[in-house]
Amino acid sequence: MAKSILITGGARSGKSALAERLVQDIGPDPLYIATAQAFDGEMEDRIGLHQDRRGPEWGLIEAPLDLTGALAQAGTRPCLVDCLTLWLTNLMLAERDWREEADRLAALIGTLPGPVVFVTNEVGLGIVPETPLGRAFRDAAGTLNQQVAGRCDEVFLCVAGQPLKVKPHGS
Amino acid sequence: MAKSILITGGARSGKSALAERLVQDIGPDPLYIATAQAFDGEMEDRIGLHQDRRGPEWGLIEAPLDLTGALAQAGTRPCLVDCLTLWLTNLMLAERDWREEADRLAALIGTLPGPVVFVTNEVGLGIVPETPLGRAFRDAAGTLNQQVAGRCDEVFLCVAGQPLKVKPHGS
Amino acid sequence: MAKSILITGGARSGKSALAERLVQDIGPDPLYIATAQAFDGEMEDRIGLHQDRRGPEWGLIEAPLDLTGALAQAGTRPCLVDCLTLWLTNLMLAERDWREEADRLAALIGTLPGPVVFVTNEVGLGIVPETPLGRAFRDAAGTLNQQVAGRCDEVFLCVAGQPLKVKPHGS
């Protein structure tokens, strides 16, 4: 069975850079599955920065919504999914049933022919968001992260660019 | 001396589920000490969800304010206190002296005849809250968590459903 | 080469107290490099609290902006820099080029004649801030933390007063 890894952490904690290193260590011909959509200049800048850092050897699939389709399409190539939190945002904005999509994704992990590294965000460690939408998103993100972490072989928490292994763990 | 455990983490990080497993591993006849008050539909739904997950073997004490009284009443039964952050919220809303209550709780841990697992929330890892009340709550929650963690035998941080032991630790 | 340590964590997670213990364990004649500026009563209270906890053996340099100058001035005395997040805030409020200052600080670490312990804050683990300024600050803080952590010998994450070593790590 191909290896699956989840990398979580806060904003600008080094998650994507770690994920890129892990995917390239796994094998050649890596594939970047981007869930980002460039709504505005801020996001365009961020996407451009990530593309510049990755080399020309990376393939690219854009999958703002159909993540499971993109993973199925990837075959045995090592994949980097960046990131689950944006995918969730896209699903919610498109009024798709994110629980169903999360279940489908979780079921897929462990059956994929190729290795995959997922990047996600921790968003639940601040004070309670003021809006119902903020709370709903925070709860959905936590639920999705738990589901994916439960199915992945390894989980890392990125802290100030340093990876901390939380699964498997010794305690 | 009976064992005491603190489980902390973000929203929807799997804290309560971990706490329930730990309490049931400790021994039979577990007691759930609920600090939640159902102010609104959102909270009612969450309470119902937690009750459904726990089995009928669990006893229940509701203790929105008098947590130390509830713990004293529990005797040697293994207790799950869910959660300290809501207890703090209730104390602050009722304009009780939360520092005094926190001191009393901290003093009680280590003297209890039965084992206890506390659940709490990390709320201090976002940007600085905009309101003085938000900042005061965040500071109070951090202070309470430090006090309880200092007195407990074991502390776990839940990340995406995975427990990470932070006390005792090797470093 | 003198030792360098970064301590990160949420609000009221015990970072400063841990840093003070570490600096005093390193050697005598410690120096406190304060980046805080007392803009308001809230901040004045916090500064006073920290001063009372430290003993009279501590020297003090106030360095709201010129942190690299203060470190150069410290010589071989063990230093506590408290904290990087406030320094970043001061730089941004003064419309200084924080990237340039961060590069200069990072270059300095590892060349200092004396040991240094930095305190910083994790601010990127809540939901996305509503304002562009909030997002820019969050990104800058994460970037600065990564840079400093990359250059320090040891990095600790404080959770409820408990230090968790994230660098060097075994995984």
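Using the three backbone atoms N, Cα and C, a Cβ is placed for every residue, glycine included.
What TrEMBL says about this one:
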type	residues	note
ACT_SITE	A:His50	active site, GMP-histidine intermediate
BINDING	A:Gly9, A:Gly10, A:Ala11, A:Arg12, A:Ser13, A:Gly14, A:Lys15, A:Ser16, A:Ala34, A:Thr35, A:Ala36, A:Glu62, A:Asp82	GTP binding site
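Structure with TrEMBL features highlighted.
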residue : record                                  : Cβ within 10 Å
A:Gly9  : GTP binding site                        : 28
A:Ala11 : GTP binding site                        : 23
A:Ser13 : GTP binding site                        : 28
A:Lys15 : GTP binding site                        : 26
A:Ala34 : GTP binding site                        : 20
A:Ala36 : GTP binding site                        : 19
A:His50 : active site, GMP-histidine intermediate : 16
A:Asp82 : GTP binding site                        : 26
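On the backbone, the CA of A:Ala11 (GTP binding site) and the CA of the residue listed as 'active site, GMP-histidine intermediate' stand 14 Å apart.
A:Gly9 (GTP binding site) and the residue listed as 'active site, GMP-histidine intermediate' have their C-alpha atoms 17 Å apart, to the nearest angstrom. According to DSSP, the residue listed as 'active site, GMP-histidine intermediate' sits within a helical segment.
Here the residue listed as 'active site, GMP-histidine intermediate' is positioned 10 angstrom away from A:Ala34 (GTP binding site), judged by their C-alpha atoms.
Here the binding-site residues are A:Ala11, A:Ser13, A:Lys15, A:Asp82, and the ones sitting under 8 angstroms from chain C, going by CB atoms, are A:Ala11, A:Ser13. Reported as a whole number, the C-alpha separation between A:His50 (active site, GMP-histidine intermediate) and A:Asp82 (GTP binding site) equals 10 Å. Whole-number maximum of the Cα to Cα distances across the GTP-binding residues A:Gly9, A:Gly10, A:Ala11, A:Arg12, A:Ser13, A:Gly14, A:Lys15, A:Ser16, A:Ala34, A:Thr35, A:Ala36, A:Glu62, A:Asp82: 23 angstrom.
Secondary structure at A:Asp82 (GTP binding site), as computed by DSSP, is strand.
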